[in-house]
C-alpha cells in the first residue's frame, strides 16, 4: 500500500481505522540505476505512434465540440433556475476534457507525441495557445523542472519554503478557514500568477516571467521561441476579443472562461499533489542527484478522471523517469517498475479533496531532522 493510504480492518466489520502513520520514502541512494529500470520495461512502451497520438487529440476535441454545441444551443435557452445549475456543470465537464487536451500538449513539449520534433511543437503550440499557455516558454521551464526535481535550490515549480522563509503572516492562515482560503486562491489564481510573476517558482535574482523573452528562466538560444509563444497567446486573445465584440463578453466568459478556470485549477492541483506529500524528501546540493530527485514524486488516484487526464495523475513517477514515453504506455510501464522501485515508489489513494487539504495543512515548509547534518529536508507544519 502506498504512503498515506487507508486500509480496512477486517476484524472491525469493514469500518475504517485511523490513517496509518505516513512512512517516509527512503532517501539513501537507491540500489538500482535508471538503466536497470529501463531494461525491465518492454521496448514497445517507448514507441511513439503519430496515428495513436492524434486519435487522442481527435477524441478529446470531438467531446469538447459536442459539449460546446450543447451549451451554446441549449443551456442558453433554459430558464434561469436551470441555467444556473447547467452552466457550472458544463464548466466542470468541459474543463476536465480540456485538461486532457492540455496534457497532450504537455506531452508534445516532452517530445512524447511523435518521432518528429517539428510536429510535436506544432501540435503543442496550437493546443496550448488555445488554452492561453505559452507553449515554448512553459516547455523550457518545465524541462528544467524535470532536470532538477526535488532540489530545493534549482527546481522550477512548487519549490518548498525553508523554515526561515516562512512569512510571519502564515500563522494566521494555519487554521481551517485559512487553509480553505489558501486553496481557493491557489486553485483560481495560482497558474496565471506562476506564469506571470513566477509565484511558487524557483528564486531568481531578478524578475522572472514566462512571457518575457529576456527572463532569467531562458537561455539566449531559447528567446526567439518565447516570442513565438507570445504570438500564439496574442492570436487567441485577439480571437476572444473579436468574439466578445460580436457575441458579447458574457458569451465568452460562459463558453470559454468558465472551462478555462477549471483547467487552470486542475493544473495547479495535479502538480501540487504530484510533488507535495509528507513522505517525500527534498535535497540540497550536497545530497541531490537526478534519480533520487525524480523519485520525489507520487502517483494519485483521481478515479474516472485518471483516464480523462490521460493517466498523468497515476503514472507520474514513470513520467519523471522517462518523460518521452507516451501516456498510453505509461500504465504498463508503471506496473513493471513498481517491484524494482520497491519503497522508492509512492502511491497515495487518499481521496483528492482530503489529500489537498491534508497537504496544505501538513506541508508548510521543509527542514532537516534535528541533529542531522545531511542535506535531506522533510515537510513540517509547526510554525
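Glycine too: its Cβ is placed from the backbone N, Cα and C atoms.
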Looking at 132-136, 137-141, 142-146, I want to know which stretch Swiss-Prot calls motif 'Histidine box-2'.
142-146
Which stretch, out of 301-305, 306-310, 311-315, 316-320, is listed as motif 'Histidine box-3' by Swiss-Prot?
316-320
In Swiss-Prot, which of 118-138, 202-222 is tagged transmembrane segment?
118-138
Highest Cβ pair tally under 8 Å against the transmembrane segment (180-200), stretches 85-105, 226-246, 252-272, lands on 252-272
Within the same chain, the residues 6 or more beyond the ends of the motif 'Histidine box-1' (106-110) and with Cβ under 8 Å of it are 53, 120-121, 123-124, 127-128, 135, 138-139, 142-143, 146, 310, 312, 323-324, 326-327
With a Cβ cut-off under 8 Å, give me the same-chain residues at least six positions beyond the ends of the transmembrane segment (85-105) that come close to it.
53, 56-57, 60-61, 63-64, 67-68, 70-71, 75, 78, 113, 123-124, 127-128, 130-131, 133, 135, 254, 258-263, 265-267, 305, 308-310, 312, 327
Could you pull the average pLDDT for the motif 'Histidine box-1' (106-110)?
99
Helix, strand and coil residue totals from DSSP for the motif 'Histidine box-1' (106-110) stand at 4 helix, 0 strand, 1 coil
